[in-house]
Amino acid sequence: MRFGLNIDHIVTLREIRKTYEPEILEALFIAKNTHKVDLITIHLREDRRHIQNEDVLKLLEISPLPINIECSINAEITDFLCSLKNKPSKVTIVPENRNEVTTEGGLDCSLKGLGEVIRAYHNKGIEVSLFIDPLKDALHFAREHQVKQVEFHTGVYANLHNALYSNANNQIHAISVLKDKSPKELKEELHNAFLQLRRMSKEAFFMGITACAGHGLNYTNVKELLKIPSLRELNIGHSVVSKAVLVGLEKAILEMAQLIKR
């Protein structure tokens, strides 16, 4: 299983104070020196709430690890990434809503202009991945547009797992719709969410598409996904950075790597 480390929220700390620390390149090399991280993931959002254009340029120039850039189909961002001298190893196209706290679901593959943006990246020799819900129609769209990799949105699975097996339902930001469900209901929905991820990962494999996954994954809920043999990559960020605040980034990375690289 490949481990993609999302370092957006290291930059969030910097941007909260509009200062120079923490330094994104220091985080990059801490990750690299663990020898456990396979790629670095960043999300270049339209509102630039964390990652900035300058961060993209620095990482692509210096990084010894592959860089996966998440972004919307915004024309300005597409033009910027297509114009780069140093290319990312892949671009993952994600949905984006400026009012969201974090990405809320998979891409709507009927989105106007999506096919054109995919072609623009392909024409520049940049691999494209699509951040999608684990649905067959989305996989067929990927295949029709010569997309060789997808990332399944694991938010539904992760939230259900957290509600059932952690203290999430007793916290200030508990998800109200899950808080009102019984343990039996949560277990059934979690089982179905896992089965759907497993089915669609297998479907992707038979379609010649590499299946990755990410969103809301943490040190508790990630373990079950290791039972899906056709899942090749996990992208994880917030939980690692959250633990890093308490134990340090190197230790946080190593603890996660120990779980997913058995």
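Numbering starts at 1 and runs along the chain as displayed.
Note that Cβ sites are derived from N, Cα and C of the backbone, with glycine treated the same way.
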Matching residue for the 3-amino-2-oxopropyl phosphate site, where Swiss-Prot names N6, R17, G237, H238 - out of G208, G216: G216
E70 (active site, proton acceptor) versus recorded positions D8, H43, H50, E151 - nearest by Cα: H43
Listed recorded positions among R17, H43, E151, H215, G237, H238 whose Cα sits within 10 Å of D8 (1-deoxy-D-xylulose 5-phosphate binding site): H43, G237, H238
Cα separation, H215 (active site, proton donor) to E151 (site 'Transition state stabilizer') (Å, whole number): 9
D8 (1-deoxy-D-xylulose 5-phosphate binding site) CB neighbourhood, other CB atoms within 10 A: 22
Cβ contacts of G216 (3-amino-2-oxopropyl phosphate binding site) (under 8 Å, same chain, 6 or more positions away): T154, G155, Y157, A158, N159, N162, H238
